[in-house]
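Some notes on the structure that comes next.
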C-alpha cells in the first residue's frame, strides 16, 4: 500500500517539475502525463499490495482482522502477517483474515506481505484498540411462546456471557411485528449485565390485540457497553425471526372471550372469520372495523366505561352469522377500610371491614378476602358476591387458647388486582358484650330489690362495669354503675337499695368490660312495684271557720306517693283542748275534709293518715285565728305561670306561713288551695295547674304563732291580665245644643279579666249608616279621644259641640292586658234657638237699615234723580220711537219722517183726556194695535202703525192733497194710551169750572168740533192749559181733510195728524213756560208723580 502511494506520488512530482520547466508547451505535457499514468497502472496491476485492514471483536479476547487482497491475485496468493510487539511474531496465511489475541493498549505495526505469481507486495498498517470495532455475535432466540388467554408473548434467549472477560452492560433491542406484512408493533429495549457466564433471559409482552387475531413476529439484537474497551461499539445483527400464530381449535370466532379489564382502559376485539364481517357493536354503539389478514377484522375500544353486573356484549355481524363475546369492566379491590376486630364472648373474634369502592365485578369475578393471623399462621377466607355500597363484611376467627394478642392481615383479590389491610389487637380489651337476657327483679324489702340477668360468654378473667337505669313515673331517670367480676356460667346478680316504698320503678341494664370498649345494648325494660311502708309524714292540713262561725272545717291534702308509702285507706281526725279531746270516726279516702262543731275555745286539730302497714305522724293545727284590724286589700299580678308574693320578716312568727288562694267568684268560705312556707322565708312563688289567665284570685297570707294564725295580708290578683271581653254599658243622660252627658256602668269582674286602668271615649261627627268612625285608632284628626284614668268616674260631659249634628260615641275599657271591645251610640244634638232667632233678625234688620238709608238718599237726591231718570222735557235722543236704523235712514230717500216738507194732512186724530169741551162725535182715535186683525197680528207681530206728520206751511195753501200724498208722507208711530191713562171722572160741577184741569197729554191743538168759532175767553183758557204749542198757527190747520184716509176708508191703519207726540208719555212734549199756567192736579197715576216735588213736603 505504501508502494502504491510512492508510485502515485512520483509521476505527480515529475509532471510538476516538467510543468515548471516547459510551461510553454501544454499539449505535450498533457500527453506525457496520460502516458505515464497508464504505464503506472499497468505496473501496479502487475505488482499489487494488501489494503483496507479492518479489525473487529465479538468477545474482547480475540480480534478478527481482515483486509482486501491485491488486485489481480488469485487463490494461490500467500500472506505473511507480522506483528511488531515485544517479540516479533509472524503468521503464514492463505486467506485475507486472521484472528489475533486482543492487543493491549498502544499502537502496533502490522506488516502484510502478499506472495503471488507476479511477485510480492508489502503493506504496513498501524493498529490500535481504538481502530477495533466491538460487534457482538448475532443473538439467537431460544424460545418464543404465547399465552393466548392473556394475549402475552414470552421470549427466552442466552446472552453468552461466558465468553466475555469483563463485566459489561448489554442493551437488548426487541422488535415485535404483526401480520404477514410485518408491521412494526412494538420496539423496546431490555437492559441486562454480562457476568462471565451464560445467562438465560426472559421477556414478556402483553399485546393490545388478541394473539389469535394475527400472526406475530419477534427478533432481537444487542449492544455491549464495556468500560474497559476504547474501540468502536456497534449493534449486533438482528436475530432470526420467530413467529407465533394461532391454530383454530374450537368454534370461537371472537377474541378475547369474557375479558375482565380495568375501567378506563383501551381494548381491542377481533373476529377470525372466513366470511366478510359487515359491522361490529359494543353494547349499542357501532365501531369502525380494522382489517387484518384475510377476512379477519378488529375493533378498538378506548376508555371503556364500567359495565353492568352481567357484562357488556360485543357483537360482530356477517352476512350469515353473528359472533360475539362479553366484556366485564370494573375496578381492582379497594383497600379494606375500618378494619376492626372484637369479640362478644371471648370465644370467637369477629373482624369486620368496609370494602370501600365498589368493583362492579360479581360472581366468579368478585373480590375474595382472606384473613390471616401471622402469629399462628391460621387463616380464614371469605368469597361472596359483591356487597352493596357501605355494607360491612365480617369474618369469624376462632380464638386460640392462651393467646390474647392477634395480628391480622386482610387480603383482598379479584381479577384486576390485590389489596390488604392489617390490625394488631389485644382481644381482652376489645370485648363487645351480648345484650343481657333473662332480666328479672325481686323484692328484698320496701326500699331494696335484687336484679339478675344472663350474659353469654366466658368472662372469668375480666371484670364487668354495668350501668343500671332506674326510672320512676313522672320523674327524672337515675343511672347507677356497679362493678362485678366475670363468671364462666354467664349468670349475674346485683342488689339495689335506697328505693322508695310502694313506688313503680322501671329497670334496665347494659354492661361493658372494665377497660371499656363498647357498651352492650340495653336489656329489655322491667317494671316493678316496691312493697308498702308506713306513711313517713302527716297530711298537709288547713282549717276554715264556716260562714256562721260555729263549725270548723278541716282540710287536708292527699299525701304524695313518696310520703304515703302505700295506698292510704283512711284518716283519723281529732281535736283536743285543755279540757277535753274529741275524736271523729275514721274518714275513708278519698275524702279530704271534715267538719267539727266547736265553741270559741282554743283547740288543736290532729289529722293522721293510715295505710295497710301503719299510720303517719299526726299533723296538728290550731283553731284560733288572731284578728288583724289594720288590713288593706292589695293588687298583685303574676309572671307567666305563677305569682310572686313577698312580705317582711316577722320574728313573732314561730311556726310557719300559710298562703291560701281561691277564685274570687266563689262563695265563702273561699278555698282553692294553700301552701305552707317556713317561718324564715320572706317570699314565695305560687304556681298551680288550675291558674288561668284573666281570672281574678284572692290571696291570703297567714302567719303562725303558738296560739293560732293571723291574717297578715289580703291580696287580689291575676296570673296574667287580659283585655276585657265586654264593653261598658253607657247611656246618654242629657243632650243640649253644644254638649252631651253620658253615663256608664261598671263591668263585672268575671268579664273584666284584669285590673281596670281606665276608659277610652271616642267621639266625632258621623251618621248611623256611614263608616266614618269604623277605624277608631287610625289617627283621624276629626276624631277626638278622651282617656279617663279615674276608674271611679262614671259620667262624662262632652262640650263644644255643634247644634243639630249627629255624633258617633264609642266607649271602651282597658286593662294592662289590652283594650276591650267597643260600645257605640249615635246622638244628635239639639237645635240652637237663640242662634236661629239671631239668624232671622240679622237679615231683617239689615234689610230695614238698607231700606231706610235708601229712602233717605232718594229723598235728598230726588231732584237729581228726577232730572236724571225722568225729566219734564225728555231728550229726543233717548226716545225709542225715534231710534231708527242708521243705515236704513241714511241710505233711503223715501224715509221723510220729521222732514219739514209742505204737506196737507188728510185727517187728524186727536188723543185727549176727558174735558169740558164737547167731544167730536164723528172723529175717533183709532188704535192700530187694537184694530189690527188677528190674522195680520199673527203674520206681522212686529209691524207698527205709522201716522204721517208734516208741519203745515202757513204762507202756502196746498190745493191738491192727493198729489202731496202721492209725493210721500212721513210716518210716526202712534200708540193708543187712552185706556192706560184715562183719568178718574170728576163731577159735572168740577168739569164745568175746570174744563181742562185733568188733561194729561194734549195734542198740538185742541179745537172744538161742533163750532169753528169759540168764545175768546174759552180759547184763552184753552191756551193756558195746553201743554204743548204747535210751531205754526193752529188756525190755519186742516183738521179733517176730505181726502184723508180716515174719511175715505174708516178701516185704514194709517192715522195722520198734524202734530207729533210721544208714544211713551201723556205729558206735553213742550210744557208751558209761564208760571201762571195751571198745573196738573194728578187726575191719574203716573211714574213721574213719584219723583215730583211736593211743596208742602
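Keep in mind that glycine also has a Cβ here, set from the backbone N, Cα and C atoms.
Residue ranges 784-808, 809-833, 834-858 are listed, and Swiss-Prot annotates 834-858 among them as transmembrane segment. Within the set 770-778, 860-868, 869-877, 878-886, the record from Swiss-Prot flags 869-877 under the feature motif 'Box 1 motif'. Looking at 983-1005, 1006-1028, 1029-1051, the stretch flagged in Swiss-Prot as region 'Disordered' turns out to be 983-1005.
Per DSSP, the domain 'Fibronectin type-III 6' (724-833) is made up of 5 helix, 51 strand, 54 coil. Within the group of glycosylation sites (191, 729), the Cβ with the highest number of other Cβ atoms inside 10 Å belongs to 729.
The Cβ of 426 has fewer other Cβ atoms within 10 Å than any other of the glycosylation sites 426, 572.
There are 13 other Cβ atoms within 10 Å of the Cβ belonging to residue 243 (N-linked glycosylation site). With respect to residue 243 (N-linked glycosylation site), the closest of these glycosylation sites in Cα terms is 143, chosen from 143, 191, 729. Checked against residue 663 (N-linked glycosylation site) by C-alpha proximity, the glycosylation sites 64, 85, 489, 729 yield 729 as the nearest. In this structure, 489 is the one among the glycosylation sites 85, 143, 489 with the smallest number of other Cβ atoms inside 10 Å of its Cβ. In terms of C-alpha distance, the listed glycosylation sites 489, 729, 787 place 489 closest to residue 191 (N-linked glycosylation site). Annotation: no glycosylation sites among 572, 729, 787 have CA atoms within 10 angstroms of the CA of residue 64 (N-linked glycosylation site).
Comparing residue 143 (N-linked glycosylation site) with residue 85 (N-linked glycosylation site), their Cα atoms are 45 Å apart once rounded.
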